[in-house]
Structure formats: structure tokens, C-alpha cells
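Noted in TrEMBL for the protein shown:
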DOMAIN    18-303  domain 'Sugar phosphate transporter'
TRANSMEM  21-38  transmembrane segment
TRANSMEM  44-65  transmembrane segment
TRANSMEM  80-100  transmembrane segment
TRANSMEM  112-130  transmembrane segment
TRANSMEM  137-157  transmembrane segment
TRANSMEM  163-180  transmembrane segment
TRANSMEM  192-213  transmembrane segment
TRANSMEM  228-250  transmembrane segment
TRANSMEM  257-278  transmembrane segment
TRANSMEM  284-307  transmembrane segment
Amino acid sequence: MSTIGGLQTVEHSGMLKLYSALFYASCSFLITVVNKTVLTSFRFPSYLFLGIGQMIVTLVVLYAAKMRKKVQFQDFDRSILFKIFPLPLLNVGNHITGLASTKKLSLPMFTVLRKFTILMTMILEVYLLKKSFPRRLVYSVVAIVFGAMVAASSDLAFELEGYTFILLNDAFTAASGVYTKKKLGAEGLGKHGVLFYNALFIIIPTLLASAFTGDLHKAVTFKDWGDATFVFCFLLSCSMGFVLMYSIVLCSYYNSALTTTVVGAIKNVAVAYIGIFVGGDYLFSWTNFLGLSICMSGGLVYSYLIFNQKTPVSYEGAQELKIHITEDSTQKEAII
């Protein structure tokens, strides 16, 4: 354990890194299935209200665990806001721009432009966490983005407002991931404190946004609240939302913000592969399939390099923004 640039670095075992990444990927896949059931099969009208339910479960579970002394994190005081800032603002911005971009862009373009989150995360880790990355790691990230561009190349349609929202969404997502990693080292917060206070600070703005947009009224007056199957799926989604948020923090804690982002991208490509054979709503084309394969290959190479490294990725002491390419491809990331 050491301190570099005011940040505490801890080296975790390869198995903890791998298991936390697999846990996040599994949770992300499962909540996709559950959310699709609630929002598509039952036609529940409000993403925001579903998000509020997930935040409420997060607050209740963590507060109850704290009261039973199962987990520990700092009690609320005025210092908490400064410790957690700007995570709540980044998450609100991420949520709003994500919904707006989904409505404005086709699925292929949404998928390809979302992959720029990976590049943005890498750049922010260099700038904020002073990291440098091996050359092969950088190439694997470029391959992921390039594969996504190939996959969507048959559906290029310029939409200024949609492009603006999706690139803002990429920036918010990347910044949120990197700052989550940074805040995990804040004294008194830890994994559970970051989760609890982030949910606490964003639930009120999200609730206000839901009321202002009319989503809250639509959700409350939804016709299927008396259906036991729907209520079960809704509560399952809320519970899985907490588990997903915990898995993201856990993956970021044991790995890095960049690895967490790449794991999410690999999961999305895997879901697309599954969609070729299951579901019936995937329109097959060789261009799209080739792009997905390039994207998956880049993700698998990245995973191999990350989980089989033997020496830490260095933190740059300089303040300038640059990706320092090294010839030693077996470097390991320094874990905060």
C-alpha cells in the first residue's frame, strides 16, 4: 500500500479483480433482462420512477446494514457534500442526457457513439489519476471503438441534437466512473458511503424531474399496480438496481474505472451476439457482425492484458495530459 499524489493505492489479487468484473457483468446483464420486462413487456411509462425505486432500495438497505453494524461509513455532516462532490451532479447529468440521446438516435448509432466513453475514461484517468497505459492496452481500446464504428457504419445519419446529447452522456459517464474511483479513497466514505450518499443527494433532483416531466403522474396512475406479476418484476428491478450499483463500485474498487467501462462494453456486445439467435429483433448484416467481432476481440484482449499483468501501471507525476505508452505490456494498474 502506498500514497501517490494524495491517493492511496492498494494492490489487489488477480482473482478479486476478475470476480468483481464478472459480478458486474452478470448483474448488468440480469438487470437488462428485468428492466426490459418492466418497461417493454408491461409497458411501464417511467424510467425516472424506476430509477427512484432503485435509489430508495439502496438507501434503505445500506442504512439498515449500518444500523445493524454490518457495514460502516461516515455519519452525515457538512463535510460529506465536499467529499462526494461532484458525483451527484455527474450522475444526474448522465441520467438526463442518456434518456435524451436514446430518443434522438437509432440503436446502431447510439451503440457506436457510447463506445467513446471508453476513450474519454482513459483520458480522464491519465489527467485525474495520473495513470499511464501500456501500448497493447491502448490498441485494444482503439479496437473496441473501431469495431463499434464498423458495426454502425451502415446506419450513418447525422442528427446534431442527438450527437450532442450522446457525447455529453459519454463525458458524464466517463467522469462519473473516474470520480467514483477517486472518491473510494476518501476518508470515511469507502464503497458503502459512496453508494449511500450519492443516492441520497440525487434522489430529490430525480424526484423533482419526474414530477416536472409528468413521469411521476404516469407512474402512480399506471394500470398494472394491482398485478402481482408486475409488482414482483418492479421490486426485482429496484433490488437489482441496488445490486448493479454495488457491483459497479466493487468493480471500480478492485480494478479501475476504465476496466469497469470496458467490461460494460463487452457485456453489451455479448448481448448483441445473443440477440442474433434469441429474440428475433436483430437484423443480421455481415458489416454489423464484423464490427461486433472486432469490438469483442478488442475487449477480450484488454481483459487478458488486465487480468494477467504482473507489474503496476504507473501514475504520472506530471500535470500534463498525455497517455504514456510503454514497451512493457505486462504492467498492472495501480489500484486506488
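Each residue, glycine too, has its Cβ placed from N, Cα and C.
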Candidates 137-157, 163-180, 228-250; stretch with most C-beta pairs under 8 Å toward the transmembrane segment (192-213):
228-250
Which sequence-distant residues neighbour the transmembrane segment (284-307)? Criterion: at least 6 residues beyond either end, Cβ under 8 Å.
14, 17-18, 21, 108, 115, 134, 136-137, 139-144, 146-154, 255, 259, 262-263, 265-266, 269-270, 272-273, 276, 329, 333
Against the transmembrane segment (163-180), which of these stretches has the most C-beta pairs under 8 Å: 21-38, 44-65, 80-100, 137-157, 257-278?
80-100
Which value does the mean pLDDT take for the domain 'Sugar phosphate transporter' (18-303) in this predicted structure?
83
I'm a bit unsure how to read this: which one of 21-38, 80-100, 112-130, 228-250 has the highest number of Cβ pairs shorter than 8 Å with the transmembrane segment (137-157)?
112-130
